[in-house]
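Okay, structure first, notes after.
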């Protein structure tokens, strides 16, 4: 160990003495949701400030990505998500430069899955959760990590606030419901992306804590009773309205159209239909040439109608004629 430290110090002193530019240190790729940032650390250099150039291999030719930058990072998010990529960086000072430092990077395998978004809604004694897959850098707004990995699922863990016991579930869809929780209790929930075929898990989201309430849902049997009672009351009300309208109709009809009563003898006559038939056929059919005179029957006064009993049977002698001998 002491020999290695001595060799490193000796190398640094030799580089400083000869004026050689040291290479960048701790070169690494920081990739989250395909936002690929190549990072490094600037080495100690006595002559002045260093600049850096970063390149990537494309069709067997290295292409510049960042040139003469004073930053210690370079954005490679435009690289294809699939396949291996060779990247390299070097330090530069004036016309001098260090050796290249190479790394190999495969975005689809090496990128870190960031925390998903989550929306939590409390409904009585349950928590309704909706998950949002992380978005991808330099892609359409609707393009998410779920579109890249076919086996994408979620890991959800929840616990009572203030306790250490955690429960985990694996939803297959973008939503999940935690039911039958204790009422008036605060629960905390976290979610992360998970790839079963790669056995790769993403980063946990920040905990979201919500308090449940009491289940005030009306039982189904009570709903049925209320519905039946409502139907009965409606039918009863309709029946009452119909009876009231019928009474009003009858009263109005009698008030504006009083009933005309027939004589008793006409009622009896019309009550026997066979009498009507006999009366109809008792009269002979009239001829078209028959002439009818109008006959009026006038009742005689009672005073003038009085006669002697003997007069009713005697025949008068016409004037001017005497008895025959």
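Note that Cβ sites are derived from N, Cα and C of the backbone, with glycine treated the same way.
The signal peptide annotation in Swiss-Prot covers 1-19.
Marked as topological domain 'Extracellular' by Swiss-Prot: 20-220. Summed and averaged per residue, pLDDT over the topological domain 'Extracellular' (20-220) gives 93.
If you look up Swiss-Prot, you'll see 23-111 marked as domain 'Fibronectin type-III 1', on the strength of sequence analysis.
Look at Swiss-Prot and you will find 49 (among others) tagged as N-linked glycosylation site, backed by sequence analysis. Long-range neighbours of residue 49 (N-linked glycosylation site) (same chain, six or more residues apart, CB within less than 8 Å of its CB): 70.
Every protein chain considered, the tally of other Cβ atoms within 10 Å of the Cβ of residue 74 (disulfide bond) stands at 22. The disulfide bond feature in Swiss-Prot is assigned to 66-74 (among others).
Counted within 10 Å of its Cβ, the other Cβ atoms near residue 68 (N-linked glycosylation site) come to 9, all protein chains included. Swiss-Prot lists 68 (among others) with the feature N-linked glycosylation site, giving sequence analysis as the kind of evidence.
In this view, residue 102 (N-linked glycosylation site) is surrounded by 13 other Cβ atoms within 10 Å of its Cβ, with every protein chain counted. Swiss-Prot lists 102 (among others) with the feature N-linked glycosylation site, giving sequence analysis as the kind of evidence.
The domain 'Fibronectin type-III 2' feature in Swiss-Prot is assigned to 114-216; the stated evidence is sequence analysis.
Feature annotation from Swiss-Prot assigns N-linked glycosylation site to 161 (among others). Neighbour density for residue 161 (N-linked glycosylation site): within 10 A of its CB lie 12 other CB atoms from the protein chains shown.
Reduced to three states, the DSSP call for residue 209 (disulfide bond) is strand. The disulfide bond feature in Swiss-Prot is assigned to 188-209 (among others).
As annotated by Swiss-Prot, transmembrane segment applies to 221-242, with the evidence given as sequence analysis.
The compositional bias 'Polar residues' annotation in Swiss-Prot covers 305-315.
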Taking only the CA atoms, the spacing between residue 102 (N-linked glycosylation site) and residue 74 (disulfide bond), expressed in whole angstrom, is 14
By a three-class reduction of DSSP, residue 188 (disulfide bond) is assigned strand
One of the recorded positions 66, 68, 74, 161 has its Cα closest to the Cα of residue 209 (disulfide bond), namely 161
In chain order, residues whose C-beta lies under 8 angstroms from the C-beta of residue 188 (disulfide bond), counting only those at least six residues away in the same chain, are 158, 159, 160, 161, 207, 208, 209
